[in-house]
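Positions annotated as active site, proton acceptor by Swiss-Prot: H22. As annotated by Swiss-Prot, tRNA binding site applies to Y17, F68, N70, N116, with the evidence given as sequence analysis. Under the heading site 'Discriminates between blocked and unblocked aminoacyl-tRNA', Swiss-Prot lists N12. Among the features that Swiss-Prot reports, site 'Stabilizes the basic form of H active site to accept a proton' is placed at D95, with the record citing sequence analysis.
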Amino acid sequence: MSRIKLIVGLANPGAEYAATRHNAGAWYADLLAERHNQSLKEESKFFGFTARLNLGGEDVRLLVPTTFMNLSGKAVAAMATFYRIPAEEILVAHDELDLPPGVAKFKQGGGHGGHNGLKDIISRLGNNQNFHRLRIGIGHPGDRQKVVGFVLGKPQAAEQRLIDDAVDEAVRCTEVWMKEDRLKAMNRLHSFKAG
């Protein structure tokens, strides 16, 4: 059984970014904390907001970096080093252009796919790509030139509902993973249809 000791929700800091697509990872982390009656509190030595959860009998740290997205690895590496958590026991939730809104998927390893948050985490973990990811679909603007504006934009209401549904199911599936097993959680999440 693959244990998870650190769950990270990627985001840009500040109210102006809170509702943007690039912050989908933080929406997941916030909901996970809320479901377990915890609130994320700022902890400067970890460059982010943190909480401690009990998931399936495991002591799990939750982290939303307050660095900008392209420096996310600074926060992840600080916490992973302090608690001696190997890459294989880290789950990073992030927005995913290659999946449509309403879809979320677990994945282990692989490259960064152009995602600056993942790029920095891989680099700061010593080029270790073996951490788990939760890819939260936000869709693609269709034109590479429009990607930056798209990820820093806010979803339309219908899109937001689909993303929220997928995030909600991802939280439930994270609990299935921790209480039962990863494969069962993956199968359930990957067959989920929002809407």
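Every residue number used here counts from 1 along the chain in the order it is shown.
For all residues, glycine too, the Cβ spot is worked out from N, Cα and C.
Values in this document were obtained by computation on a predicted structure and should not be read as measured data.
Where Swiss-Prot records a feature, it is marked here on the structure.
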| residue | record | Cβ contacts under 8 Å, 6 or more apart |
| --- | --- | --- |
| N12 | site 'Discriminates between blocked and unblocked aminoacyl-tRNA' | T20, H22, N23, F68, M69, L152 |
| Y17 | tRNA binding site | A11, N23, L152 |
| N70 | tRNA binding site | N116, G117, K119, D120 |
| D95 | site 'Stabilizes the basic form of H active site to accept a proton' | L10, R21, H22, N23, A24, G25, H115, I136, I138, V151 |
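Following the DSSP three-state reduction, the secondary structure of N116 (tRNA binding site) is helix. Binding of tRNA is attributed in the record to Y17, F68, N70, N116, and the widest Cα separation among these residues amounts to 16 Å. Y17 (tRNA binding site) falls within neither a helix nor a strand when secondary structure is assigned with DSSP, and so counts as coil. Report note: the tRNA site is defined by Y17, F68, N70, N116, and the residues of the same chain whose CB lies within 8 Å of the CB centroid of those residues, excluding them, are N12, H22, T67, M69, L71, S72, G117.
Other Cβ atoms within 10 Å of the Cβ of F68 (tRNA binding site), summed over all protein chains shown, number 16.
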